[in-house]
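Features reported for this protein in TrEMBL:
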{"type": "ACT_SITE", "residues": "E289", "note": "active site, proton acceptor"}
{"type": "ACT_SITE", "residues": "Y376", "note": "active site, proton donor"}
{"type": "BINDING", "residues": "Q134, C135, Q136, P261, Y262, G263, G264, M265, E266, R556, M557, K558", "note": "peptide binding site"}
{"type": "BINDING", "residues": "H288, H292, E311", "note": "Zn(2+) binding site"}
{"type": "DOMAIN", "residues": "456-600", "note": "domain 'Peptidase M1 leukotriene A4 hydrolase/aminopeptidase C-terminal'"}
Amino acid sequence: MASVQDPCSFASSSKCTTKHLNLSYHVDFERRVLKGKVALTVEVLEDRCSTVTLDTRDLTIFSATANGQSAKFNMGPEHSFLGTPLEITLPFELSRGQQVIVEVAYETAPKATALQWLTPDQTAGKKQPYLFSQCQAIHCRTMIPCQDTPSVKHSYYAQVSVPQELVAVMSAIRDGQAPDPEDSSRLVYRFRQPVSPAHISPPLSGPQIGPRSLVWSEKEFVDKAAFEFSETENMLKTAESLVGPYVWGQYDILVLPPSFPYGGMENPCLTFATPTLLVGGHTRVIAHEISHSWTGNLVTNKTWEHFWLNEGHTVYLERMIGRSMESEQFRQFKAMGGWKELQESVKTFGADNPLTNLVPSLQDVNPDDAFSSVPYEKGFALLYHLEELLGGPVVFMGFVKSYIQMFAYGSATTEEWKAYLFTYFQDKVDVLNKVDWNAWMHTPGMPPVKPQYDTTMADSCIALCSKWTKAGEADLGGFTAADLTTLSSHQVIEFLSLLLQEEPLPLTHVKRMQEAYDFNSCINAEIRARWLRLCVKSRWEEAVPKALQMATEQGRMKFTRPLFREVYNFDKFRDEAVRMFKTHRAAMHPVMVDLLSKDLKVDLTSC
């Protein structure tokens, strides 16, 4: 496959590529640093190679060797979000095809953006500290000097030393544990990932939830988590029936602390999940993360500019799982909801913003700033459009499975995906040539084609939304709790999402809605977040403290950022939104802090 320059990486991945990584960590909770040693097995891709360049950010480098020989190293100029290139000069010259083991001894910084260190008070148990990592998109370089680009995939082996009262788990197969030979108060946990990192060291429990799945969490959440994720094996089997065998062996789920900024994260063997899934909304997220085992982990976008290859295909597969386990109408219903999420992202960015391109340029752009539902839902909309053009879900699913087999264990660009699409459907090239590829891929805003989804499951939601938006004061008495008795939680979410797209309801209406439906007592996070946004949008002052409470008691970006933005847009409470952000900043994930500071126009250097 052709070499592609990654604008988000300094690494010399066109000159050489990492094949294996051997990692040793000593986790220091007192100083909030990882003291590490990493040995990278690097294969040379061109003749007369004498340097290896790695990505780093805020790392202290102590030494470097090449095949055991001392090697000179130089830290390049520091970039605001890309970090600092580490150039290692080899004490010899290598030819194409040769390999070298480059070993680096180093230490992370307490402010490493891949790591969140939690005090005992910030955990459910209140007794032990907690550490977790989140490397997507370009944060791995803050915990390992590496070729931090998705175009480079490799196996790894790791040893992690932690205090003996804690447990370490990683995105890999567990390979035993033993006392730390250098400190009897610590244990060393070993891990191996032979197929293709993420790291954590909390006090955990892990009951079995399936023949190849454990759920890990603090003991306070473990029973609830085991119950909520009991359908995991069924989802895995359904995915396998669609796209082939699950190659990673183990599929465990780790429930992280509330500050985890994503719904889930698809680390091989170990999906990270937000605890908000324990109070509603888990089915879609787990189906999504399971799907990533094929589209994301097995086949990966070559650079973050092609992120839609990961997320668009994963949403497509996630909804095909829903189709198999529920119905085609359910898939259509979820697709309609996704279209509204896309509309909201485009509205937030601005319809002319190039970050709403399906394939955006990330030259001088932090990929975290580009994160939105665009690659997920614009990507899905394209795949669904192609499905309609090319013969329906069964036919197009055949392509998706073949695409995964073709690029398995590697990375792909949009151009490579498109070329394979034309090859697979070579008898339908005339149909593919009629697709406005430039409008889909490289034009900002909403897609050029709006799919016509089956509205069967949405009709009742649309009707109830319309009833509320058209109601006068005299009509409010006609709303009762019975309005929701025939609606599933998915449909209630859709109803609220539809209202959020409308002009703000009069304050009398949202107060009546609370009387009739009592949404304030709802614990489903998806429903609660939308309801509180609706209240704040209608300028119900009593809802503002509730909205800010939800925004700060958990850190999932899907909820926290919109809630903060809604309060910030309420002029009377703008200063309160900023004050709450500053008050809770220390407990937030570094990625959340960075993005919220931009949402709320807060200069982090002055606070």
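Glycine is treated like the rest: Cβ placed from N, Cα and C.
All annotation found in TrEMBL is predicted automatically rather than curated by experts.
Sequence features annotated in TrEMBL and their locations in the structure.
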{"residue": "Q136", "record": "peptide binding site", "Cβ contacts under 8 Å, 6 or more apart": "M265"}
{"residue": "Y262", "record": "peptide binding site", "Cβ contacts under 8 Å, 6 or more apart": "Q134, F272, T274, R556, M557, K558"}
{"residue": "G264", "record": "peptide binding site", "Cβ contacts under 8 Å, 6 or more apart": "T271, F272, A273, T274, L277, V285, I286, H288, E289"}
{"residue": "E266", "record": "peptide binding site", "Cβ contacts under 8 Å, 6 or more apart": "E289, H292, S293, G296, N297, T314"}
{"residue": "E311", "record": "Zn(2+) binding site", "Cβ contacts under 8 Å, 6 or more apart": "G296, P375, Y376, G379"}
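Note on the domain 'Peptidase M1 leukotriene A4 hydrolase/aminopeptidase C-terminal' (456-600): mean pLDDT across this stretch is 96. Residues H288, H292, E311 make up the record's Zn(2+) site, and a Cβ search at 8 Å around their centroid adds E266, E289, S291, T295, G296, N310, T314, V315, E318, Y376 from the same chain. Here the Cβ of the residue listed as 'active site, proton acceptor' has 26 other Cβ atoms within 10 Å, regardless of which shown protein chain they belong to. Other Cβ atoms within 10 Å of the Cβ of M557 (peptide binding site) number 20 in total over all chains. When DSSP labels each residue, the domain 'Peptidase M1 leukotriene A4 hydrolase/aminopeptidase C-terminal' (456-600) comes out as 112 helix, 0 strand, 33 coil, counted as helix, strand and coil in that order. Spread of the peptide binding residues is 18 Å (greatest Cα-Cα distance among Q134, C135, Q136, P261, Y262, G263, G264, M265, E266, R556, M557, K558).
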